[in-house]
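First comes the structure, then the notes that go with it.
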Amino acid sequence: DPFVAFHLDKALVRKYMSPLLIGELAPDQPSFEPSKNKKLVEDFRELRAAVEKMGLLKPNPTFFILYLCHILMLDVAAWLTIWYFGASTVPFLLSAVLLGTVQAQAGWLQHDFGHLSVFSTSRWNHWVHKFVIGHLKGAPASWWNHLHFQHHAKPNCFRKDPDVNMHPLFFALGKTLSVELGVQKKKFMPYNHQHKYFFIIGPPALVPLYFQWYIFYFVVQRKQWVDLAWMLTFYIRFFLTYLPLLGVKGMLGLILLVRFIESNWFVWVTQMNHIPMHIDYDKNVDWFSTQLQATCNVHQSFFNDWFSGHLNFQIEHHLFPTMPRHNYWKVAPLVKSLCAKHGIEYQCKPLLTAFADIVHSLKDSGELWLDAYLHK
């Protein structure tokens with residue numbers, strides 16, 4: 001199921017996988033793992049076939065062209081604001097907000113290309129992905145692919161999903177892992193206060209303090225020179241367009257503020273669907289159950305769709321990662337129906353509630369850790 005979910009040209013990928021074939025199961029050998037719900041697997045595969053038949057995996061090029069145009073227009077508007085009104089406080093801050101919006105929205109757009117959901121061939125998606133994430137954001141496509149597909153394969157599975165690697169160094173995540181940490185008497189941070197220091201080392205700091213240096217380390221270590229070249233075009237363009245208007249200090253201050261805005265936007269949106277959900281070791285359950293226990297949705301609205309890059313439909317995105325985002329709302333009722341049939345909770349909540357649940361879940365897991373640390 002994950003193989004089918006991730007790849008467009010499955011015949012090509014099977015050629016790459018052929019050297020990994022070590023044998024075939026005999027006809028009398030069991031071919032289904034007991035940890036997986038066989039009926040649910042069959043029903044989901046029927047749903048997948050129906051989705052393909054309905055054409056929901058086919059992108060609408062106009063949607064993505066208009067989306068890219070709106071990003072480029074905001075980018076130009078940010079420069080024009082300082083060029084026309086000068087570098088005083090108000091135009092400087094307005095330009096920073098516009099550029100922060102560009103970075104967030106370009107982040108959602110590169111996510112589409114990275115998931116092969118814009119073009120019908122993997123090659124074209126990969127090529128444009130390098131342009132969007134490299135030239136518009138200054139980040140490497142190889143880094144994103146390396147981490148993000150691990151996350152999708154095993155979301156919220158400790159030691160398999162890199163997005164929960166913040167446990168246990170910075171945060172105690174999930175009820176089971178937090179108690180385990182407390183029982184082991186481990187304390188890297190005062191986890192009972194993590195819902196407070198999240199506001200300091202979480203949203204404000206991730207992109208400007210961690211990603212900013214780590215992405216360069218990643219591409220140099222792995223010798224991803226094409227990605228590095230694309231990244232440098234972003235910084236060269238930013239340097240050439242804003243240095244004459246702001247000077248060195250002003251330009252550095254602008255990019256730091258833009259990264260700060262982007263970081264807050266990115267962390268709240270990406271974590272609202274995952275941190276409040278089930279986090280544990282991998283239990284090797286079926287694909288559908290794996291995704292539903294680790295993801296939740298946020299109510300649909302024009303603003304929520306735009307603000308989150310349609311990641312308010314996180315459940316549908318995780319089940320069908322190559323589906324163009326403009327079709328999530330069409331498949332959502334079918335997914336809900338399958339959840340109802342098998343008694344699986346389909347969580348969907350308001351945007352602000354989803355944000356608040358991040359803090360509430362951190363507070364709860366921190367208290368579970370403290371209780372286990374002191375009394376177990």
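Every residue gets a Cβ built from N, Cα and C, even glycine.
Worth saying up front: this structure is predicted, and the values here are computed from it rather than measured.
Per TrEMBL, the feature transmembrane segment maps to 63-86 (among others).
Per TrEMBL, domain 'Fatty acid desaturase' is recorded for 91-348.
Residues or ranges marked as transmembrane segment in TrEMBL: 92-109 (among others). Remote same-chain residues near the transmembrane segment (92-109) are listed as 64, 67-68, 70-71, 74-75, 77-79, 81-82, 132-133, 136-137, 246, 250, 254, 257-262, 265-266, 269, 306, 308-311 (criterion: CB distance under 8 Å, separation of at least six residues from the stretch ends).
What TrEMBL records for 197-219 (among others) is transmembrane segment. If one looks beyond the transmembrane segment (197-219) by at least 6 residues along the same chain, the residues whose Cβ comes under 8 Å of a Cβ in the stretch are 138-140, 142-143, 146, 170-171, 189-190, 225, 227-228, 231, 256, 259-260, 262-264, 266-268, 271, 358-359, 362.
According to TrEMBL, the transmembrane segment annotation covers 239-258 (among others).
Cβ atoms under 8 Å from those of the transmembrane segment (63-86) belong to residues 92, 94-96, 98-99, 101-102, 105-106, 109, 112, 118, 132, 136, 241-242, 245-246, 324, 326 of the same chain, restricted to positions at least 6 beyond its ends.
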